[in-house]
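Annotated features in TrEMBL:
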| type | residues | note |
| --- | --- | --- |
| ACT_SITE | Glu328 | active site |
| ACT_SITE | Asp411 | active site, proton donor |
| BINDING | His327, His331, Glu407 | Zn(2+) binding site |
| DOMAIN | 41-225 | domain 'CAAX prenyl protease 1 N-terminal' |
| DOMAIN | 228-463 | domain 'Peptidase M48' |
| REGION | 293-313 | region 'Disordered' |
| TRANSMEM | 17-37 | transmembrane segment |
| TRANSMEM | 77-100 | transmembrane segment |
| TRANSMEM | 120-144 | transmembrane segment |
| TRANSMEM | 171-189 | transmembrane segment |
| TRANSMEM | 195-216 | transmembrane segment |
| TRANSMEM | 349-371 | transmembrane segment |
| TRANSMEM | 377-402 | transmembrane segment |
Amino acid sequence: AAMALPGDLWAELPAERRIFCSVLLFSWAVYLWEAFLAHRQRRVYRTTTHVPQELGQIMDSETFEKSRLYQLDKSTFSFWSGLYSEVEGTMILLCGGIPFLWKLSGQISGRAGFGPEYEIVQSLVFLLLATLFSAVTGLPWSLYNTFVIEEKHGFNQQTLGFFFKDAIKKFVVTQCILLPVTSLLLYIIKIGGDYFFIYAWLFTLVVSLVLVTIYADYIAPLFDKFIPLPEGELKQQIETMAKGIDFPLTKVYVVEGSKRSSHSNAYFYGFFKNKRIVLFDTLLEDYSALNKEPAEGEDGENEETKSKTKNKKQGCKNEEVLAVLGHELGHWKLGHTVKNIIISQMNSFLCFFLFAVLIGQKELFAAFGFYDTQPTLIGLMIIFQFIFSPYNEVLSFCLTVLSRRFEFQADAFAKELGKAKDLYSALIKLNKDNLGFPVSDWIFSMWHYSHPPLLERLQALKDAKQE
């Protein structure tokens, strides 16, 4: 008999096997593509051992070497953790981990007196077990990243006790948000009739707006200490700048980011006329715990943070902090924040609509081992996580490209405020404080960098400085 061609074999497979194989193949294709990119970038870290000429003024060779080794370690780590999670995901699918966990959740909720008709209860048990599983399997990686890599390169400021307390707190807070929100979403899908996808989308829209509103006031302070920026020159300058561009600023906070790590940042949040600015203490020269010498007798008092004395000052001068804020406020003034919200909500609506179209397909459930039941939560998981994955990859690439454009525009905005020179020096300082490596492979940076490479940003600002 003539040999069957692969195409014929594929056509003979039942629909659910084809769906299952396609999902697995696509997942590995993405993984291999990412591994290929990471390999190209690692080659850059390995071979660029001297400060390139155009960076001569910007980086000294010691910082350059430090950042090269840091990024090399991070890249190796992400190679192994990526491989692990790809293999883990594949094993879960091949061994029927999802139907097994669903059955187990049914037994647990059954023991608590909730029969199979209580699908939402079973779904919540399933979610709890699934998030617990991923927290436990992710723990060794997270520990290694914090206490080996970040520690070795001088970024980690946490003790082991603080790390675990933090992880448990994070898990509990996540469950307190995730479980009620999911149960309501499932309930809306169940009773929503033909147009359930519209109600489901509106519900997630409201939830995301509420979370953004309460996050910084109620959720973030559970993890970090926020203190209002004391009266003084910096605060006045920030308020003047905000007024100059009609930014409705109500409060400026400093957050103790240095308890976890010495990476630095700044952001703003809030809706309508109620905006707050948050500055990491590590961004500010005067506030960075890493710049302060511990006073006598203070050394052993604070167990939670390990104060490491640095020989180099960290953080930015006031003018540079203002320039960084000028960039952040540029995102607001140019409508980037609103555009991002609109894009994400349009995407969310589209996904719910397609979910409504696909949820009736029994083959989708059968592909993942659900032959007799079609639980809504499992449907959401299969469709959003697996079936949409090609679409998600394309979308995420488009958003990365868009984000880079927004960053250039925000830099240009800061430049119009007359802050080109200060932003130029702030970007160099932040790159140095965070040990960013300024040389990158073009495909890697195109695919991954949501911010343009340092040299491109400096070049754009330099043109302005010369003008």
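Keep in mind that glycine also has a Cβ here, set from the backbone N, Cα and C atoms.
All features noted in TrEMBL, drawn onto the structure.
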{"residue": "His327", "record": "Zn(2+) binding site", "Cβ neighbours (10 Å)": "24"}
{"residue": "Glu328", "record": "active site", "Cβ neighbours (10 Å)": "20"}
{"residue": "His331", "record": "Zn(2+) binding site", "Cβ neighbours (10 Å)": "20"}
{"residue": "Glu407", "record": "Zn(2+) binding site", "Cβ neighbours (10 Å)": "21"}
{"residue": "Asp411", "record": "active site, proton donor", "Cβ neighbours (10 Å)": "26"}
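Contact between the transmembrane segment (377-402) and the transmembrane segment (17-37) is supported by 3 or more Cβ pairs under 8 Å, counting only residues 6 or more apart in sequence. Here the CA atom of Asp411 (active site, proton donor) lies 9 Å from the CA atom of Glu328 (active site). Outside the transmembrane segment (17-37) by six or more residues, the chain places 10, 79, 82-83, 86, 89-90, 93, 363-364, 367-368, 386-387, 389-390, 393, 441, 443-444, 447-448 with a CB less than 8 A from a CB of the stretch. Across the structure, His327 (Zn(2+) binding site) and Asp411 (active site, proton donor) place their CA atoms 5 angstrom apart. Confidence for the domain 'CAAX prenyl protease 1 N-terminal' (41-225), expressed as mean pLDDT, is 94.
Across the structure, His331 (Zn(2+) binding site) and the residue listed as 'active site, proton donor' place their CA atoms 9 angstrom apart. Compute the center of the Cβ atoms of His327, His331, Glu407, which mark the site for Zn(2+); besides them, the chain residues with Cβ within 8 Å of that center are Glu328, Gly330, His336, Phe406, Gln409, Ala410, Asp411, Phe413, Ala414.
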